[in-house]
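This report refers to the structure that appears directly beneath it.
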Amino acid sequence: MSFTFNVLKNSSQTSARLGKININGIEIDTPVFMPVGTKATVKALTPLMIEETESKIILANTYHLVLKPGLEVLKKFGGVKKFMNWKGAMLTDSGGFQVFSLAKLRKINDDGVEFSSHIDGSKYFFTPRSVMEAEHIIGADFIMCLDECSKHDASYDYVKEAMFRTHKWAKECKEYHDSTPNSEYQYLGGIIQGGMFDDLRKESAETLVNMDFPFYSIGGLSVGETPEQMHEVLSKVMLYTNKQKPRYLMGVSEPRDILNAVMEGIDMFDCVMPTRNARNGEAFTMNGIVRIRNSKYRMDDTVLEEDCDCYTCKNFSKAYLNHLDKTHEILFPILMTIHNVRFMQRFMKDLRNSIENDVFSDYRKDMMNKFY
């Protein structure tokens, strides 16, 4: 089993780059968007449907999988990919973000974090080692260190303390992971923290780069800050990351944010927004959002997007989708999710083509005008 990342082309005007990941025999073109399958399912889609959107890699969540179905189940089935019959690549985050979002239900110290299950209140204690052990059983190709994600408006002192704790945990995660056979086929990413503070972001990036992880994630963004703040942080922190390694921005799928992040050299993205918004009646198109619940679509015989090649757009009108929503049919979230996930993959393919043809700056301006 193996992992390689090659930069194939750099934009002449920005830091955008075209790349290729090969992980355990699976090729992934970058920049890439990963649909989120939190609980071992991308909501409303079968693995075959996911594959048909041309998604090569999906994300699952350690916190949720530890709670349900539980590690004993996943161990019996040989990991989450076999459990759900997914043949592509997978990344699992450590569950740190979910644990820290519980706020009232958790207690943090330098050893780890104690929390109560949001399902039944039962107690759990995540440590760097226990998270690694869980991710080894879950068995994703890419795995993440336990980290502490602070709020965007947290104080300097709090963010600094959380950053030091993140570094300590990253070191412990890596030391344990590297001592196991799993390091031969599971690849561990370090998470850069530091909030909105330039000096802390620089320190975090340099500390983690010195630990020599196979890839790096920019954490602590898309947590309430403005798009301008996100872009400013990215433009600074990317100066200190390793350009030879994939760089992953967690929790982002807004086209504006992806375009800005790719401009700074980000390679990987994930977010629940395309699937969640689909279930709530919002279809993404290259000309903006279609809110299919609007009564104006009741008699509309056009498809969601003329140039889209997804199953939904090849077969069904806006009027039919509007009807499915009004009658609360199960087919509605399925068809909408197929479209939105396929939209994200079409968007990323167009974006990659613009880098290959060295017209990314023009493409970014054009897409910004269409969306905003």
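Using the three backbone atoms N, Cα and C, a Cβ is placed for every residue, glycine included.
Positions annotated as active site, proton acceptor by Swiss-Prot, on the basis of sequence analysis: ASP93. Under the three-state DSSP scheme, ASP93 (active site, proton acceptor) falls in the strand class. Applying an 8 A CB threshold to same-chain residues 6+ apart, the list for ASP93 (active site, proton acceptor) reads LEU59, ASN61, THR62, MET144, MET250.
ASP270 (active site, nucleophile) falls within a strand segment according to DSSP. When Cβ atoms from all protein chains are considered, those within 10 Å of ASP270 (active site, nucleophile) total 23, not counting its own. If you look up Swiss-Prot, you'll see ASP270 marked as active site, nucleophile, on the strength of sequence analysis.
For the recorded site, ASP147 (substrate binding site), the DSSP three-state label reads coil. Marked as substrate binding site by Swiss-Prot on the basis of sequence analysis: ASP93, SER94, GLY95, GLY96, PHE97, ASP147, GLN193, GLY220.
Residues or ranges marked as Zn(2+) binding site in Swiss-Prot (evidence: sequence analysis): CYS308, CYS310, CYS313, HIS339. Neighbour list (CYS313 (Zn(2+) binding site), Cβ cut-off 8 Å, at least 6 residues apart, same chain): VAL303, LEU304, GLU305, GLU306, HIS339. In the three-state DSSP scheme, CYS313 (Zn(2+) binding site) falls into the helix class.
Taken from Swiss-Prot, the feature region 'RNA binding' covers 275-279. Here the region 'RNA binding' (275-279) has Cβ contacts under 8 Å with residues 35-36, 42-45, 289, 333, 336-337, 339-341 of the same chain, all six or more residues outside its ends.
Among the listed binding-site residues, namely SER94, GLN193, the Cβ with the most fellow Cβ atoms inside 10 Å is that of GLN193. With DSSP states grouped into helix (H, G, I), strand (E, B) and coil, the region 'RNA binding' (275-279) comes out at 5 helix, 0 strand, 0 coil. Here GLY96 (substrate binding site) is positioned 16 angstrom away from ASP270 (active site, nucleophile), judged by their C-alpha atoms.
In this structure, the CA atom of PHE97 (substrate binding site) is 34 Å away from the CA atom of CYS308 (Zn(2+) binding site).
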